[in-house]
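Remarks on the structure that follows.
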Amino acid sequence: MHHFNYKNGRLHCEDVALDTIADDVGTPVYVYSAATLRRHARVIADAFDGMSCLIAYSVKANGNLGVLKTLAAEGCGADVVSGGELMRARKAGIPASKIVFSGVGKTRAEMRLALEEGIHQFNIESSAELGVLSEVAKSVGKTARVAVRVNPDVAAGGHPNISTGKSGDKFGVPWNDARTTYAQIAETDGVEAVGVDVHIGSQIDDIAPMRAAFEKVMTLVKDLRNDGHDIRRVDLGGGLGIPYRSTDNPPPPSAYAQMIREVTEGMGLEVILEPGRVIAGNAGVLVTEALFVKPAPQRNFLMVDAGMNDLMRPALYQAHHDILPVRERGADDEKVRYDIVGPICESTDKFAAERDMPCIEGGDRLAVMSAGAYGAVLSSQYNARPLVPEVLVDGDRYAVIRRRPDFDEMIALESMPDWLS
Ligand SMILES: *Cc1c(COP(=O)(O)O)cnc(C)c1O
C-alpha cells in the first residue's frame, strides 16, 4: 500500500504532482511519501499491539534524516550497522534506549561511541568481536548489553546476495557454537548477555523459513536459560518482503506478527524487530527523464537520465522495479518494447530489459517504483555524476531533504598534492 497515484492524468505523490517536483528540483530525484512511511510504521506497530515490542527501523534501508525523523515521531527505534548510522538516528531524535547495533565488523571507535550513547543492545557476531567489545567497555567503565546473532542455517531471502541465515554465509555465530559463546560472555567482564538475535535475509516472501528459524531460536532461549543465562529479549531481525510487481504476494505484517505471537507465546520475552524494506520500500520512487530512444537490432534502448549510480538494485540484485510514465496513458495505448538503460559506462546499467511500455519520447518522465529502500543509500557519484537529491512529500507540501551538490561541492573533499599544484 502506498500513496503514489494518478490524479488529473499525472502521477502524484500524495497531493503533489511528481512533475511539480521535477520542474523544481530537476531529475533524477527520489521522492518519498511521509504518509506511506507512517502508515507502514503504524500497520506494524498495530500488528504487535499488546506485546512487549521494540520496532527498530533498519536505518540502512533509508537513512535520510527526514525519513528517520518521520519514523521517530511514530515511536520507532533504530537498528544501526555503523557509527554513522548511530549518529544519524540520534540526530533524528531517536533515543539511545531504542537503538540496537548490528553488523559483522564493528570498530573499537564505533563500540566506544555506542557505549557512551548508552544504546539498548549490541548484536555481536563472533567471539572475537565479544573480546574486543569487552575491552572497550571496560576501558570506558561500562557494561555492554549483548545478544549473539546466531546463524540458524535456514535458507531465505529473495536473492542469494541478500540471504544471510544459511551456514556458509558470513553472518552470525554458527548454530552449534551458540551456547559456548554465551558461556564465554558469562565469564567475560564488561559484557552481559540479555538476548538472542537472528536475521536470516531480506525480501523474504514466505513465512515458513522465518517460523523455522524463530522456533529454533526459542529452543536456544530455553537451553540458555537452563544454562543459567538471563535471556530477556529476542531480536528477530528484519526481512519481510514487499510487492515489487503487482503479482508479488508477500505475507502481510498481520500474518508475520501472528506467527511471532505464536512462536514467542508464554516465553516472557521482549521482542525486537528490525524492519527496513517493508517500511521504506514502497514509500519512495525515483523520478527520471527520458533522454531519447536509440533503436538497435532487435531492441529499442530507452536512455534515461538516472543511472545505476543512483539506483543500484537492478545491477546488484537483478531486481525488478515497475516503471510508470508520469503522464498517464490509456490502458489500450499501443505498447513498445524497451530496454530501459542509464548513461553509465557499464553494461549492468540497465533498469529493465524487454519491458513493454507505452511509447516514450525524449522529455517524458518516468517513475521507477518501490525505490524507497536500498535506493538513495546505495547511490554514488560514479562517472562524476552529482549525488541524487531526495524530496519528502507530506500531504500537499514537499521539501528537499537532500539537495543535489554542485560541481564545487562534489570535488570539495579532494586536494591537490603540493608537487602537482
Ligand atoms: C538489512 C538488515 C535488516 C533490514 O532488512 P529488511 O529486509 O530491509 O527488513 C535488519 N537487520 C539486519 C541485521 C540487517 O542487516
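Note that the numbers count up from 1, one per residue, in the order the chain is shown.
Cβ coordinates are placed from backbone N, Cα and C, and glycine is handled just like the others.
Cross-referencing Gly201, Gly228, Gly239, Gly330 against the pyridoxal 5'-phosphate binding annotation in TrEMBL, which names Glu274, Pro275, Gly276, Arg277, Tyr374, picks out Gly239. The binding-site residues considered are Arg277, Arg313; of these, Arg313 has the fewest other C-beta atoms within 10 angstroms of its C-beta. Counted over every protein chain shown, other Cβ atoms within 10 Å are most numerous around Tyr374 among the binding-site residues Tyr317, Tyr374. Ligand 1 lies under 6 Å from the Cβ of none of the recorded positions Arg313, Tyr317, Cys345, Glu346, Tyr374.
Contacts of Gly276 (pyridoxal 5'-phosphate binding site) defined by a Cβ separation under 8 A and a same-chain sequence distance of 6+ are given as Tyr57, Ser58, Val59, Lys60, Ala61, Asn62, Asp79, Ser202, Gly238, Ala373, in order along the sequence. Taking CA atoms as the reference points, Tyr374 (pyridoxal 5'-phosphate binding site) and Arg313 (substrate binding site) are 7 Å apart.
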